[in-house]
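Per TrEMBL, the features are:
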- 6-32: transmembrane segment (TRANSMEM)
- 44-62: transmembrane segment (TRANSMEM)
- 73-187: domain 'Phospholipid/glycerol acyltransferase' (DOMAIN)
- 82-100: transmembrane segment (TRANSMEM)
Amino acid sequence: MNLIRTVLLCLVALITFFIGSILTILISFFYFPKDKVFIFQRAAIVWARLLVWISGIPINVYGRENIPLNEPLILVSNHQGMADILIALAILPVRFRFIIKKELFSVPIFGWYLRKSGYIPVDRGTRKGALDMFVLSKEVLEKGESILIFPEGTRSPDGKLQEFKRGSMFLAIKNKVRVLPLAISGSFGIMPKKSYIIHSVPVQIKIGKPVSLKQYGKDSDKANEEVYRIIKEML
């Protein structure tokens with residue numbers, strides 16, 4: 001049953017992605033010539049909600065009232081599985097962009113869509129890559145949009161919270177914006193790392209209250225520890 005669900009969902013995802021991309025291009029050209037990024041982002045949200053609905057994955061969200069809608073934020077989430085990205089797109093009511101590893105921007109068609117959506121590439125292996133990411137992120141925040149990061153750097157191999165990469169909170173500190181902690185539980189069971197079978201298991205998302213990191217000054221390591229502690233307690 002899970003194998004059949006996986007095959008069907010993948011087919012639906014591919015078909016709707018291609019059809020949706022064509023429609024999005026047409027709509028952005030004729031109706032949103034000045035903000036093409038917005039329409040590509042909205043299309044991604046619709047696509048994510050469609051796939052979550054078709055998958056039959058029950059999602060319970062707690063703490064929506066903690067999301068401020070009038071300020072840019074750094075959304076910080078643990079990363080249990082591939083479904084986390086779709087889930088975040090489907091349930092978060094704020095306009096945000098992902099920071100995504102640079103390699104994914106080279107994937108045919110998918111990488112093109114990432115660029116059109118204004119998502120931010122990061123090359124963690126070079127100083128220039130980190131600097132370029134910071135410059136692009138600053139521009140996004142100045143526009144009033146939020147940014148979502150997975151400070152663990154990759155999906156958890158066992159579903160447990162991994163250590164945050166050093167400097168993960170530097171973006172929030174440097175740009176003087178608050179952090180919104182997110183704790184996702186259960187998504188590891190949807191498609192565990194190194195697995196390609198989709199399981200319909202319940203997912204719980206807790207949204208914490210915004211956190212100011214002003215008291216840490218330039219000490220991003222201490223800020224890392226605090227946000228890590230908050231998310232761990234929420235899980």
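Even glycines carry a Cβ here, placed using N, Cα and C.
Because the structure is a prediction, the values reported are computed rather than measured.
Restricting the average to the domain 'Phospholipid/glycerol acyltransferase' (73-187) gives a pLDDT of 92. When Cβ-Cβ distances below 8 Å are used as the criterion, the transmembrane segment (82-100) is approached by residues 38, 41, 44-45, 47-49, 51-52, 57, 59, 61, 64, 67, 69, 73, 75, 114, 117-122, 133, 137, 140, 145-150, 155, 182, 184, 187, 190-191, 203, 205 of the same chain, each at least six residues removed from its ends. When Cβ-Cβ distances below 8 Å are used as the criterion, the transmembrane segment (44-62) is approached by residues 5, 9, 12-13, 16-17, 20, 83, 85-87, 89-91, 113, 117, 190, 198, 200-207 of the same chain, each at least six residues removed from its ends.
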